[in-house]
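**Q** Found this in TrEMBL, in case it helps:
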{"type": "DOMAIN", "residues": "3-329", "note": "domain 'FAD/NAD(P)-binding'"}
{"type": "DISULFID", "residues": "CYS41-CYS46", "note": "disulfide bond"}
{"type": "BINDING", "residues": "LYS50, GLY113, THR142, GLY143, SER144, ASP314, MET320, LEU321, ALA322, HIS323", "note": "FAD binding site"}
{"type": "BINDING", "residues": "GLY179, ALA180, GLY181, VAL182, ILE183, GLY184, LEU185, GLU186, GLU202, GLY273", "note": "NAD(+) binding site"}
{"type": "DOMAIN", "residues": "348-457", "note": "domain 'Pyridine nucleotide-disulphide oxidoreductase dimerisation'"}
{"type": "ACT_SITE", "residues": "HIS446", "note": "active site, proton acceptor"}
Amino acid sequence: MSYDLIVIGSGPGGYVCAIKAAQLGLKVAVVEKRATYGGTCLNIGCIPSKALLHASEMFEEVGHLDALGIKVAKPKLDLPGMLAHKSATVKSNVDGVAYLFKKNKIDGHIGTGSIAAPGKVVVTKEDGSTTTLETKAIVIATGSDSAPLPGVPIDEKRIVTSTGALELDKVPAKLIVVGAGVIGLELGSVWRRLGAEVTVVEFLDRILPGMDGEVTKQFQRMLEKQGFTFKLGTKVTAVDTSGKTLKVTVEPAKAGEAAAETLEADVVLVAIGRRPFTEGLGLEAVGVALDERKRVKVDGHYQTNVPGIYAIGDVIAGPMLAHKAEDEGVALAEILAGQAGHVNYDAIPGVVYTSPEVATVGKTEEELKAAGIAYKVGKFPFSANGRARAMLATDGFVKILSDATTDRLLGAHIVGKGAGEMIHEAVVLMEFAGSAEDLGRSTHAHPTMSESIKEAALAAWSKPIHM
Ligand code: FAD
Ligand code: NAI
């Protein structure tokens, strides 16, 4: 069989690239080693985690309706039912990708893909049989997997990665999360809401490194109010699995400080980052170069050092986010079809789907300071927003950063209910190189949480009205 394009990996990068290329008239095949399409995101990442985040948030909210004048009996957890909701959500999404492949006449090959040579992909099925496919272009979209923690062996039952944490058949009495990143805080939230006592051990002296420090500081206080315990500047050095409960040895991250202590846990979630996945692709043999962090090296058009072999998504540099992978998939398909594909890396939003949510786009204040860029800050708290008061959702604020000289929007950071939806008006504005004045002069419907974005923009450009 001969193709214009073979995509190895069917995650958000791979499946979107395949669909877009097929829409542009290319003959496309996808090789996927998992039994279902959709990659990490649809099978064991974005989608199942959001199903559990939503369900657990509802479970917790139902218990706190008194303040709205609603009396309900204490809710009871049906964990198998909640996990069934998660599985059904995953199934409908992965089935959706299979349907889209059919609709766009994309050939799906289930098996492990390896690159024998430019233009040649070998698919090895589970039974060991192989098929060789020929193609003009190959896209590596093999994603990432969880980074291991030395001395802490994963069994996906008691010591788990995110994959095991989406499958626990019982709420752990005590959960220790290693890493205060996105996975740790999202999945830590799920199990805390369902009844676990959650302690987060983080190597650095802050949570969510890379996000705006003022936002994450306030967010940390909110999480502590919810019951999270944080041990910052701390590392896990060993986990003793011999007893009924796990004994977790933690030490200050900086040597020479106080002595080690032992924490007890029923489950330990290791969430210290993800690493690019290139195993079994045969990259060394074909000479595809990797960078210092074992990511596939690409040029501005996603081509590796070997002509005809391209890469996108988590396996290359940049934020490990589904929408970044998707947009790279579209851009590359356009390039392969002779068009001008492009991704604006300055306007990729990031959302932490906790309660409240944290959402960010563009530069943080720390980044602007480090780059020596003169900027203005506009902030507006949800406590001054009418809709937030009506919904008892006054926690959090919006922070707008704009260029001190040109007023161009440089960054937007929100912690608050619905932040993940609200951030997109800043994304679109940045895409069009808009200013804080543009945002502040745009009419926002009243009463909405989004009015706080307008007010924060007004605060950056001139003065807010409601503060
Ligand atoms: P992947 O989705 O990892 O897909 C790669 C695919 O390639 C896999 O299906 C794999 O089986 C296949 N593969 C690998 N090697 C081969 C081979 N040799 N042959 C054939 N197939 C192969 N991002 C967000 O933006 N929002 C979120 O809410 C979010 N939540 C997440 C929650 C969790 C718990 C996790 C773990 C991740 C989350 N992410 C989220 C990150 C997101 O999942 C990734 O950024 C995204 O999946 C990357 O897409 P990708 O296409 O590069 O790779
Ligand atoms: P992360 O990079 O977000 O966070 C890892 C955290 O672990 C960091 O705070 C880091 O300082 C800490 N850490 C590293 N080594 C440590 C150690 N030895 N001991 C203690 N702490 C340590 O990684 P995470 O949470 O595993 O997520 C992986 C990727 O998945 C992220 O890049 C993220 O973008 C993506 N993801 C995105 C989501 C979203 O967009 N909502 C949700 C979940 C994952």
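Every residue, even glycine, has its Cβ placed from backbone N, Cα and C.
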**Q** Quick one: of THR142, SER144, which of the binding-site residues has the smallest count of other CB atoms within 10 A?
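**A** Checked THR142, SER144; of these binding-site residues, fewest Cβ neighbours within 10 Å: SER144.
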**Q** Which recorded positions (SER144, GLY181, GLU202, MET320, ALA322, HIS446) fall within 10 Å of CYS46 (disulfide bond) by Cα distance?
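**A** Cα filter at 10 Å returns ALA322.
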**Q** By DSSP assignment, list the helix, strand and coil residue numbers for the domain 'Pyridine nucleotide-disulphide oxidoreductase dimerisation' (348-457), in that order.
**A** 41 helix, 33 strand, 36 coil
**Q** Do you know offhand how many angstrom separate CYS41 (disulfide bond) and HIS446 (active site, proton acceptor) by C-alpha?
**A** 35
**Q** Spatially speaking, which of the recorded positions GLY179, GLY181, ILE183, LEU185, HIS446 is closest to SER144 (FAD binding site)? Use C-alpha to C-alpha, please.
**A** ILE183
**Q** Measuring Cα to Cα, how many Å separate GLY181 (NAD(+) binding site) from MET320 (FAD binding site)?
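**A** Distance between the two Cα atoms comes out at 12 Å.
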**Q** Between the recorded positions LYS50, THR142, MET320, ALA322, HIS446, which lies closest to GLY179 (NAD(+) binding site), Cα to Cα?
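**A** Going through LYS50, THR142, MET320, ALA322, HIS446 one by one, the Cα closest to that of GLY179 (NAD(+) binding site) is MET320.
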**Q** Please report the distance from the Cα of LYS50 (FAD binding site) to the Cα of LEU185 (NAD(+) binding site), rounded to the nearest angstrom.
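**A** The separation of the Cα atoms works out to 13 Å.
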**Q** NAD(+) site residues GLY179, ALA180, GLY181, VAL182, ILE183, GLY184, LEU185, GLU186, GLU202, GLY273: biggest Cα-Cα distance, Å?
**A** 15
**Q** Among CYS41, GLU202, MET320, ALA322, HIS446, please name the recorded positions whose Cβ is nearer than 6 Å to ligand 2.
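**A** If the test is a Cβ under 6 Å from any atom of ligand 2, the answer is GLU202, MET320.
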**Q** When the pLDDT values for the domain 'FAD/NAD(P)-binding' (3-329) are averaged, what is the result?
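**A** The answer is 97, the mean pLDDT of the model over that range.
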